[in-house]
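Worksheet for the structure shown next.
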């Protein structure tokens, strides 16, 4: 083979070979944040084109911060938080179809869905739009459906996965007998018809949640005992990270139609931090952020050997406690930005910008194919009835301008009302003031209770007043 050909094989052509990462200047960081110290392998941070949300240390409960993106600099200790959970918050996820709606899972066994005011919080938020109760142990994973409105998945340490219709507050699918051990992570595929999971029993499973059946599984996807991760790629393949028997970190690529052998398997290093994968379906790049690492490695996935191509590493001095990943529509296309990370330190959050250097100022359409927009392709009811749809794509040619979001409305079904409501279209979650009759009965009882208490306190005050005036009269006599 001629020398030139071998060279061409060694130096693979890719427009992403020169991607470089850069941390923003200090004044563009979010400072003085007490990042959560909970020992849980989630990313602790979620971002969208409007807000950055960060799980923080909270005394006597669980809380997270929600900051408008422009609110950089030192964050005051008295800055309002989202603090309705009674136990530490373990995972948060922004709704892909409404930039003001965020879900949180907690050690208190509940999932809560919150509506953030358009300009951010001015007071602490303690009342969620809806509380989703169904897990018997702490909830460590929450993940919104990529294309159906108001469909939310949660996974708990009870080894159960529940899929909720947030618009009605109901658990519609409960997968509680598929995992015999702790679920490390859950990932939806591109159109949300399948999920894949990585579990402590070292199995990677591909599950059809509506048929409630396991479509494919691989035992010992990674031999090591430490936590694994599994995510779906746009082409339907599954990418995993884990550890070898010798505790080396590995990454692998699998075809769910034949899970016998991986398409590719690479050993990386012997560090012991769990690798969190972040995937960009538009560019087929995977970014790996190890918890406790101080670097982000990135790889391009192609359909030619060796399939997973190492591109580069962004290194910094400080180790990361967690990481947020901006959806594509939140990036600055004029600066050829292809990814933005929000790296959590012990006391701050530092944005890191990944760019492809280009000389031209024109829109680079090869870097920005149409990407998933904020419009849902399906209503919740349609998905639960069996429909699937790919994301609704938008062009980023003129940048993304966030539109106005509808309020989240939750219409709780009256259990006494047995009329079928499956065909009703459910508007994006918002809470009606009327609640079922049981609630109004409870409210009346509570009101009576309060009135009684007020009356008894008033009676006590009257008695005390009389007693005081008698004592004063006695004092007057003695003094005279």
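Yeah, the Cβs are placed from backbone N, Cα and C, and that goes for glycine too.
These numbers come from a predicted model, not from an experiment.
Residues or ranges marked as domain 'DUF1899' by TrEMBL: 9-73. Taken from TrEMBL, the feature repeat 'WD' applies to 82-124, 132-174, 176-217.
Taken together, the residues of the domain 'DUF1899' (9-73) have an average pLDDT of 91. In terms of DSSP helix, strand and coil, the repeat 'WD' (82-124) has 0 helix, 22 strand, 21 coil. In the domain 'DUF1899' (9-73), helix, strand and coil residues by DSSP number 5 helix, 24 strand, 36 coil. For the repeat 'WD' (132-174), the DSSP-based tally of helix, strand and coil residues reads 0 helix, 25 strand, 18 coil.
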